[in-house]
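Engineer: Following this message is one structure expressed as structure tokens.
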Amino acid sequence: MLELKHIKKYYYVGDSVTKALDDVSVSFREQEFVAILGPSGSGKTTLLNGVGGLDIYDSGDLVIDGKSTKDFSESDWDAYRNNSVGFIFQSYNVIGHLSILDNVELGMTLSGVPNEEKTQKAREALERVGLGPHINKKPNQLSGGQLQRVAIARAIANNPSILLCDEPTGALDTETSEQIMKLIKELSKERLVVMVTHNPTLANEYADRIINFADGKILNDSNPYTEDESKDNFELKKTKMTFWTALKLSFTNLKTKKARTALTAFASSIGIISIAIVLALSSGFQKQIDKTQGNTLAQFPVTISQVASKQTAPSTDKVKKSNSKQVTAKLSQQEKSTHTNKLNKNYLNYIKKLDPELSKDVTYTYSTGMNLLTKINGKVKTAQFSNTSGSSPTSTMTSAMSSSTGIGGSVYPSTSNDGKNFLKKHYKVISGSMPQNANDVVLIVDRNNDTNINALKNIGMKVKDGQKLDFNKIVGQEFKIVNNNDYYRQLGAGMYAPNTDMDSLYNNSNNTTVKISGILRVKSKSSENILSSGIAYSDKLTQNIIANNKNSDIVKAQKNSDSNVLTGASADDTTKESLVSYLGGSTTPASILIYPNTFKNKDKVLKYLDKYNKGKKASDKVIYTDLAGQVSNLTGGLMDAITYVLVAFAGISLVTSMIMIAIITYTSVLERTKEIGILKALGARKKDITRVFDAETTILGVTSGLLGVIIAWLATFPINIILKNMTDLSNVSQLNPVHAIILVIVSTVLTVIGGHIPARMAAKKDAATALRSE
Ligand code: ADP
Ligand code: MG
């Protein structure tokens, strides 16, 4: 049945050579009980491992059932161990974290025996070794003798033709030893049993044949046997472990070490926790920063007005007492710093060429008036999109005011999709709709739905302070904008006055119809003041009015007159210019407001504006006001720096996490060396061992990923409370669910990668060495 031919096995340690097996030749019968006797260190275990295919010989040949094993592949050996050999060790080698039944089933699990058959065979084996009543106990509840019985049951469960026992009673008392020997003797009636022992009494009492062994050589053999050169009738069934089995094996292992596994998972989740928190914070901060930037810049756009003030440093001249008897005429500080910007075609074109990526929103305001009429309860009245009290067109006209926000009302940029994007970013519709075109205007209210009373009075509403108005009274209200040529009639001699027949003015077919399309409310407190409460309209509307009135009679008349054509009062050049502007005769904007969306883009916009002034003489330079820069010293560079720091932290955490995982898996490999040996003795392939550890790291990875994400999520609450107290910003830290899922996946992948290398190392471990380790 088994034939060893000139088997040699040498161990080389440093310079010394141990001849553990030195030219051993022996044959065994199909059924007998062989005892190998010999002193410690004589090579008995090496012989047994060699016969069982655990430790492959250096030279010679092992012939099994007529088949030479010289050309055996690794998987052939694995299958041989699994199908034909049962091992029993001195130290039992029962896997502590598996139940007794699972231990006995393990070999069959590896070879893929169906569940029912497997359990039935395992039960039978346990009954046979006398453990029937203890089947539900855990390994740590059994005595040494009982553990050895479990090991025997495991060895014979799959009914192997060879049973190899390495000092099976070495750790047992005499009485138990006798019982185990009786059991082995009985088992030897059906198969070949080779037992190694250094107890001659037991050997003599039970064995059929005694071989004395010393220094790797056979001294004598009580019942030698020579194998017939029999034909090859050897046949193997390959083993294979499913990933599910590996997972179960790892899971039960981890389950027995709950506290440790929890700690391990927690330790390796620390990396995930820190990354998750950094991500939560940085995306929260980014959101906050974007919002703050957007709101700040919407409230404080880069402004270019016709009249700007130069940034002049306060005079540091020492005041000297003058003794002269003269006075000096000097410009006031304020007048000195006043600069008139030439917002000519050239400059307007330059602004038009501004990269839309930097700022999609640019507002042009004009100091033109509107000839505005509305009908309230069937009566036509003059109206105004302004929130200044009592100002009638004529009074404005006479004072010839030129406000930076146009004549009354708020103007929003029409450059992007008629201002819809700009409005949508900061406002929500509470009634009606967003404006669809330049002829739609909106009413802006604050967060309490309050709006300016004068704005309402100016569009013809009769309201008292605190009075409430229904939305539907406002939304849909229509206005007519009358062209100058229809609105003003000539009184003769270059004097003009508004027509008095309101009804025919209102019904003139040249009029432009404007209506209130909706009521908009600011989205947050920080975006209040972007547009003042009251009526707001697109700058396109004023541009259209100017286009209609530019060449009207009254404009022409005003341009050629030295007095106000409506009042007759004399007018100097500046006043004249304002009057022409007011009548819609000037295409020069009163101011240009640029709304960049980030500070970084604002920096670029300013750079672009500065470039225009390069090489120009002082009076041709255009000076802008960077209001946002004055109220906040946040810059694009600072924002980037914050993000970089956060990313760097996340990176460090990731590396730490990976190293942790690799160390933990490596420790686990070291700790389970014995188990690897047992699995190999039972016929597990290298792949199976790798699988067991991969399964374990998968479990660890998923657990630590989930744990990390959950802890990080829980941590966002106290972090937000602390940040709220410190900075008054709420909900800064927000864990994005997509990030959470990605982190669990990353944790799993990293853990498996980090653990795969030690797992491969484990699989490569020499089975014999693994079993020798204690
Ligand atoms: P026995 O079982 O008879 O006590 P072993 O077969 O365990 O003896 O060992 C035989 C000899 O081989 C001993 O001298 C032992 O030190 C040596 N040996 C066994 N395994 C190794 C190994 N992996 N490396 C080096 N020497 C070994
Ligand atoms: Mg030994």
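Each residue, glycine too, has its Cβ placed from N, Cα and C.
Automatic prediction, not curation, is the source of TrEMBL annotations.
A quick note: this is a predicted structure, and the numbers were derived from the prediction, not measured.
According to TrEMBL, the record shows the following:
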- 2-240: domain 'ABC transporter' (DOMAIN)
- 263-285: transmembrane segment (TRANSMEM)
- 311-338: region 'Disordered' (REGION)
- 324-335: compositional bias 'Polar residues' (COMPBIAS)
- 384-406: region 'Disordered' (REGION)
- 386-405: compositional bias 'Low complexity' (COMPBIAS)
- 641-666: transmembrane segment (TRANSMEM)
- 699-723: transmembrane segment (TRANSMEM)
- 735-755: transmembrane segment (TRANSMEM)
Engineer: Average the per-residue pLDDT over the domain 'ABC transporter' (2-240) and send me the rounded value.
Structural biologist: 91
Engineer: When you scan the chain for residues with a C-beta under 8 Å from the transmembrane segment (263-285), skipping those not six or more beyond its ends, what do you find?
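Structural biologist: Contacts of the transmembrane segment (263-285) (Cβ under 8 Å, skipping residues fewer than 6 from its ends): 642-643, 646-647, 649-650, 653-654, 656-658, 660-661, 664, 700-701, 703-705, 707-709, 711-713, 715-716, 719, 731-736, 739-740, 743, 746-747, 751.
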Engineer: Please list the DSSP helix, strand and coil residue counts for the compositional bias 'Polar residues' (324-335).
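Structural biologist: Secondary-structure breakdown of the compositional bias 'Polar residues' (324-335): 3 helix, 0 strand, 9 coil.
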Engineer: Same chain only, please: residues at least 6 beyond the ends of the transmembrane segment (641-666) with a C-beta under 8 Å from a C-beta of the stretch. Say none if there are none.
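Structural biologist: Beyond its ends, the transmembrane segment (641-666) has Cβ neighbours at 264, 267-268, 270-272, 274-275, 278-279, 281-282, 285-286, 289, 693, 696-697, 700-701, 704, 747, 750-751, 753-755, 757-759, 761.
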Engineer: In the same chain, which residue numbers or ranges, 6 or more beyond the ends of the transmembrane segment (735-755), come under 8 angstroms Cβ to Cβ?
Structural biologist: 268-269, 271-272, 275-276, 279-280, 283, 654, 657-659, 661-662, 664-665, 693-694, 696-698, 700-702, 704-706, 708-709, 712-713, 716
